[in-house]
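Here is what TrEMBL says about this protein:
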- THR8, LYS9, ASN10, LYS11, GLY12, LYS13, SER71, PHE152, GLY153, TYR154, ASP155, LYS175, HIS180, ARG181: substrate binding site (BINDING)
- GLU41, ASP70: Mg(2+) binding site (BINDING)
- ASP70: active site, proton acceptor (ACT_SITE)
Amino acid sequence: MKQIIIATKNKGKAKDFEAIFEPLGFEVLTLFDVAPDMEIEETGSTFEENAVLKAETVANRLHTYVIADDSGLEIDALHGEPGVYSARYAGDHDDEANMDKALRNLEGVPTEDRTAHFTCCLAIAGPDVPTETVKGTCEGVILTERRGDQGFGYDPIFYVPEKEKTMAEMTPAEKGSLSHRGNAIRKLASDLPTWLQ
Ligand SMILES: O=P(O)(O)OP(=O)(O)OP(=O)(O)OC[C@H]1O[C@@H](n2cnc3c(O)ncnc32)[C@H](O)[C@@H]1O
Ligand SMILES: [Mg+2]
C-alpha cells in the first residue's frame, strides 16, 4: 500500500485523513510513526504560514514528501476568533475548555448571528520542489450546547445546516464529504500521484 505522511500529532485529524485516503489506497502515517520526537512551534500568523512551516520542517528532516494541515474555527460574532489560536484558545489542546470558552463568549448571541466557518490549509513540501498550498472551508453555526461524540476539537458545537447535524454527529466519511479538510484534500487530489511517485 502507498504511504502518505501527514505532519500532525492530532489523532482526530489523522482519522479525518484516513477516512479520505484509505479508500483511495493510501496508508496514513503521522509524526507519531515517523518522527515522534518532533515538536514544531507554530509561530506563523496565518494558517498558510503554519502549514508551510510544519510541512517544510518535517520534509527537510525526512527528505521525502510531507503534507501538513493547519486549520481552525473562525466565529463571525467574535471577529474571527479563535482562528489560528484554535488549538490553544483556552488551554493547549484542551477541546472541552476551548469549546466552553467559545460558548461563554457567545452567550446571549442569537442563532442568526452565530455563523462560523472552519478553514483548513494544507501544505505539501518535498525535496527539490516548491511547496504548494491549498485551502478548504466549511460553513456552519455554533450551537449553545454540545451534540454528538464523533470527531474532535469544536465538532460537537459546529452545526452544519444542510445536514441538520453537528460535525460530531457525522461518521468520519460523512464529515470528510463536506468538511474544510475534505474540501482541501479534494483540491489537492489531482496533484497527488505526481507528488507521491
Ligand atoms: O498542529 P497539529 O499537530 O497538526 O495538530 P493541532 O491540533 O495543533 O492542529 P492546528 O495547529 O492546525 O490547530 C487546529 C485546531 O483547530 C480546531 N480544528 C481544526 N479542524 C477541526 C475539525 O475538523 N473539527 C473540529 N475542530 C477542528 C481544533 O481545535 C484543532 O486543534
Ligand atoms: Mg498545531
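First residue shown is number 1, and so on along the chain.
Cβ atoms here come from the backbone N, Cα and C positions, even for glycine.
On the structure: features taken from TrEMBL.
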residue	record	CB count, 10 Å
THR8	substrate binding site	23
ASN10	substrate binding site	18
GLY12	substrate binding site	14
GLU41	Mg(2+) binding site	9
ASP70	Mg(2+) binding site	27
SER71	substrate binding site	27
GLY153	substrate binding site	22
ASP155	substrate binding site	25
HIS180	substrate binding site	26
Spatial separation of GLU41 (Mg(2+) binding site) from GLY153 (substrate binding site) - C-alpha basis, Å: 19
For ASP70 (Mg(2+) binding site), which of the three DSSP-derived states applies: helix, strand, or coil? strand
Can you grab the distance from GLY12 (substrate binding site) over to GLU41 (Mg(2+) binding site)? Cα atoms, rounded to a whole Å. 19
Using DSSP and collapsing to three states, where does HIS180 (substrate binding site) fall: helix, strand or coil? helix
Distance from GLU41 (Mg(2+) binding site) back to ASN10 (substrate binding site), taken between C-alpha atoms, in Å: 14
Show me the subset of THR8, ASP155, HIS180 whose Cα is within 10 Å of ASP70 (Mg(2+) binding site); these are the binding-site residues I mean. THR8
